[in-house]
Each structure stands twice: as structure tokens, then as C-alpha cells.
Amino acid sequence: MATNARFDLVVIGAGPGGYTAALRASELGLRTALVDRCSQLGGTCLRVGCIPSKALLSSTEAYLFARDRLPRSGIAAKGFEIDLSRLHARKEAIVEKLAKGIAFLMRQNGVQVFEGSGRIAGPHSVAVHLAEREETLETRSILLATGSEPVEFPILPFNHDRVVGSTKALSFSEAPKSLLVIGAGAIGLELGSVWSRLGSKVVVVELLPRIAAGFSPIVSKALQRELEKQEIQFLLGARVTRAEVQETEVAVQVEQGGKERTLVAERVLVAVGRKPCHEGLGLVEAGVNLTAGGRVAVNRFWQTSLPSAYAIGDLIEGPMLAHRAQAEGRAVAEFLAGKPAELHYLGIPSVIYTEPEAAAVGFSEEELRAAKRPYRRGTAYFQANGRALAAEAPEGFVTILMDESSGKIAGMEILGSHASDLIGTGALALEMGATLESLAEAVQAHPSFMESVREAAFTALRVRRSDIS
């Protein structure tokens with residue numbers, strides 16, 4: 001067993017949180033190592049998650065636009081052909097380009113990369129199982145950033161090609177004639193949209209009474225209406241009770257409102273959530289505590305019960321978001337370098353990349369009501385936005401919430417085209433503690449989608465005090 005030179009930081013996991021932490025730590029002068037069992041850096045998000053799904057969403061959205069919206073603009077497009085192999089090739093090319101970029105940044109900044117499985121071997125050592133040997137890296141600090149994996153549904157385990165998780169659903173060689181999606185969260189809705197656009201008959205089954213449960217009921221209902229226009233069907237408040245995997249199809253029994261029905265589909269996508277990947281990290285042996293929910297327990301500096309070990313991203317409590325992990329990775333690196341480390345979680349947005357997109361940041365109305373905090377609400381609809389109408393994207397709206405006592409932005413929610421970009425305004429406003437008035441006074445280009453953000457702010461300012469919630 002070889003012993004490597006001492007490091008200041010060894011990061012286990014090269015996903016968004018891990019590689020961001022390694023890069024920032026190296027920039028700050030820390031001797032840094034990055035350990036990942038895959039030769040292609042970037043983690044689940046880059047390889048089989050955020051990026052490949054967005055590539056497929058972008059390609060199929062272009063097809064949807066050409067098929068359904070161009071004719072309304074006076075352009076008759078005929079003879080479209082879907083070449084799924086080229087869609088996948090484009091997706092893989094994007095992944096490869098970004099992965100090479102991450103590897104270049106690691107080399108350029110002196111981060112030593114080890115391809116292998118890492119585990120905590122002691123308070124200040126990480127054992128790396130390489131292809132032909134095991135190597136021990138001595139280090140002052142350890143950062144755990146190994147991410148998450150899909151949760152298996154007991155009734156529909158991933159032991160058959162016809163029942164898949166998100167990874168395999170990104171690489172079907174042909175569009176299934178029918179696809180049953182279990183779960184109406186971001187993953188289920190996004191991948192359901194991809195295959196619906198490519199010709200699959202998609203039915204989404206959700207245990208809760210509405211889709212996109214992390215968003216307001218108004219957004220959930222409006223998004224459902226738009227997806228139903230795209231011929232995606234929903235069974236809400238429905239529970240899967242039994243399933244039978246056959247040679248060419250899967251029969252799934254669902255109970256809804258006290259009535260049983262059987263759904264038959266060529267493939268089933270199980271998208272009921274994700275769980276942290278901490279098996280094999282040696283947490284128990286190292287004395288690293290877990291929460292009741294199976295996440296790694298940390299303090300406000302992301303430090304675990306083992307003082308030299310830290311954890312971020314999907315391993316710890318909170319929403320499983322790549323950009324959240326990146327922010328935490330950067331913050332931990334700065335903390336270890338002796339710099340102030342503070343992260344405002346309220347300003348971290350959530351997005352569903354359907355068409356239209358749904359995005360939210362900050363407090364929701366439900367949270368403000370529960371806290372008995374008076375607030376104002378302003379909403380602007382894209383139907384009144386010239387740029388949205390010109391772009392054939394009139395669906396949706398912007399809603400802004402203002403804390404009445406301070407006049408500051410408390411939250412923002414958007415349904416519509418470019419919502420994932422527009423929500424950045426809300427994130428910036430929350431980070432800066434901006435007032436609603438300052439957001440309204442900022443002049444936006446005309447015409448632009450951003451005008452609806454400004455108009456929502458003006459609408460909230462016009463709310464009479466007697467109408468304040």
C-alpha cells in the first residue's frame with residue numbers, strides 16, 4: 001500500500017459540488033486531490049442527469065416548436081424526421097465537451113485526480129481503490145461529495161429492461177409506444193415530456209393530489225394544463241399497488257379514489273426520488289453520523305461528526321440540486337482556506353425544465369402565511385408581453401412576493417418560457433436584500449421577457465394596504 005504526499009483537502013466525488021470545491025480550494029492555495037470512480041469527471045449531473053436531459057429537452061422542444069408553433073407564424077414546415085441516434089450523439093458530444101473542460105480546469109489548477117473508489121481510512125486519510133492497487137492519501141481535511149442515485153420502487157425494482165430509472169430513460173434506442181411514469185416531480189415531468197414529444201403515449205401517476213408539489217398550487221395546476229395540451233395524461237392521488245413485468249410490456253395496478261385500474265405500458269420510468277450515495281465511504285467506521293432520514297449530519301459549516309470531514313450536496317439534508325452543491329462546495333473550500341463562508345439558502349432557485357418551464361426562489365405564499373408575515377403579491381402574465389407574443393410563448397406568468405414590513409423581495413415564482421433564466425433576477429434580489437421598489441425601478445429592454453418581472457413588481461406596489469395578505 002503506497003502513501004501519497006500529504007494534501008490539505010481530498011474531495012471524494014467529482015460531481016458539481018466536488019469539482020467546484022476542488023477547483024476553488026486549489027485556487028486558494030490548498031494542495032487538493034479529487035477522487036472519483038469514473039474517468040469522466042462531472043458526476044451524475046453531467047453524465048446521466050442535468051446535462052443530457054437538457055440536451056434531449058432542447059432537441060425535442062425545437063421539434064415541438066417547428067411542428068406546433070411555426071405554422072402559426074406563417075411558416076409551413078413539412079417532412080420532419082426524427083433521428084434518435086443523432087439526438088443521442090448530440091447529447092453525448094455535449095457531455096464529452098463539458099467533461100473535457102472540467103478535466104482541463106483540474107490540470108490547469110494543479111488538482112491531482114485519482115480514478116477510483118474513495119473511503120475514509122482515518123481522520124486524516126483516504127483510501128483510494130485504484131484499478132490495480134490501493135493508495136492512501138494523507139490529508140488535513142476530507143470532503144464527501146458523492147451525490148445521490150435513483151430510489152427503487154419496491155413494487156417495480158430496476159431488474160428488468162422494461163422498468164427503468166432516469167439513467168436508462170435518457171438512452172432508449174427508440175421511443176416506446178407507451179411510457180408510464182411513476183412520479184410527477186422534475187425528473188418524471190422532464191423525461192415524460194421528452195418521450196411524449198418523440199411520439200410515446202405518456203401517462204404520469206402521482207401519489208400526491210397535484211404535480212410539481214414543490215411549487216405553489218397555482219403553478220402546479222397551470223403547468224398540468226399546459227402538459228395536458230401536449231397529450232401527457234395524469235393520474236393524481238393514485239397509488240401503485242401491484243405490477244407484473246411481462247416480455248413486451250408491464251401491467252401496473254393503480255388505486256385512485258378507492259377504485260382499482262390496470263395500466264399497461266411498453267416501459268415504466270420510476271421517478272419517485274433519489275437517495276444519498278454513501279455506501280462504501282466508511283462512514284460508520286469513521287464515526288460519521290447520519291440523520292434519521294439517512295443523510296450525513298453536518299453543522300452550519302458543513303462539518304460532520306468527524307471534525308476533519310465535511311459533506312455537501314445530495315449527501316446532506318436539503319433539496320437535491322446541482323447548483324446548491326456547487327455553492328456549498330465553494331463555501332467549504334473558502335472556509336477551509338480561512339475565509340468567511342456563508343450561504344443564503346433562501347436564494348437558491350428550483351426549476352422544472354418542461355415547456356413551459358417552472359421556477360421558484362425564496363419564500364412561498366404558504367410559508368409566509370404560516371409564519372404570519374404580511375406580504376404583497378404582484379402577478380404579470382406573459383399574454384400581455386410583446387416579446388412573449390412575438391416568440392409564440394404567451395403561456396404563464398411571473399409572481400413576486402414582497403415582505404410588507406421591510407419592503408424587500410420575499411419570493412418569486414415563474415411559469416413560462418425562459419423561466420430558468422428569469423428566476424435569476426429573484427435569486428439576485430434575495431441575495432442583495434433588494435426592495436420591490438428597486439426591482440420595479442430597474443428599466444428593462446423593450447420588448448423582453450424581463451418586462452414581465454418588472455410589471456409584476458409594479459403590480460405588487462399598486463396593491464392597496466387593505467388587500468395585503
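Cβ atoms are placed via backbone N, Cα and C, with glycine included.
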Worksheet item: Of the candidates GLU206, GLU255, GLU260, GLU285, which does TrEMBL annotate as part of the NAD(+) site that also includes GLY183, ALA184, GLY185, ALA186, ILE187, GLY188, LEU189, GLU190, GLY273?
Response: GLU206
Worksheet item: According to TrEMBL, which residue among CYS38, CYS50 is joined to CYS45 by a disulfide bond?
Response: CYS50
Response to the item:
By a 10 Å Cβ neighbour count, the lowest-scoring of the recorded positions LYS54, HIS446 is HIS446
Practice prompt. Report the member of CYS45, CYS50, ILE187, LEU189, ALA322 (the recorded positions) whose C-beta atom has the most other C-beta atoms within 10 angstroms.
Written response: LEU189
Worksheet, complete the sentence: Record-annotated FAD contacts LYS54, GLY118, THR146, GLY147, SER148, ASP314, MET320, LEU321, ALA322, HIS323; largest Cα to Cα distance in whole Å is 30
Worksheet item: Between the binding-site residues THR146, SER148, whose Cβ has more other Cβ atoms within 10 Å than any of the rest?
Response: THR146
Worksheet entry | ILE187 (NAD(+) binding site) and CYS50 (disulfide bond), distance between Cα atoms, whole Å | 9
Item to complete: Among all chains shown, work out which of the binding-site residues GLY183, GLY185 has the most CB atoms within 10 A of its CB.
Response: GLY183
Worksheet item: Got a sec? Which of these binding-site residues, GLU206, MET320, has the most Cβ atoms within 10 Å?
Response: GLU206
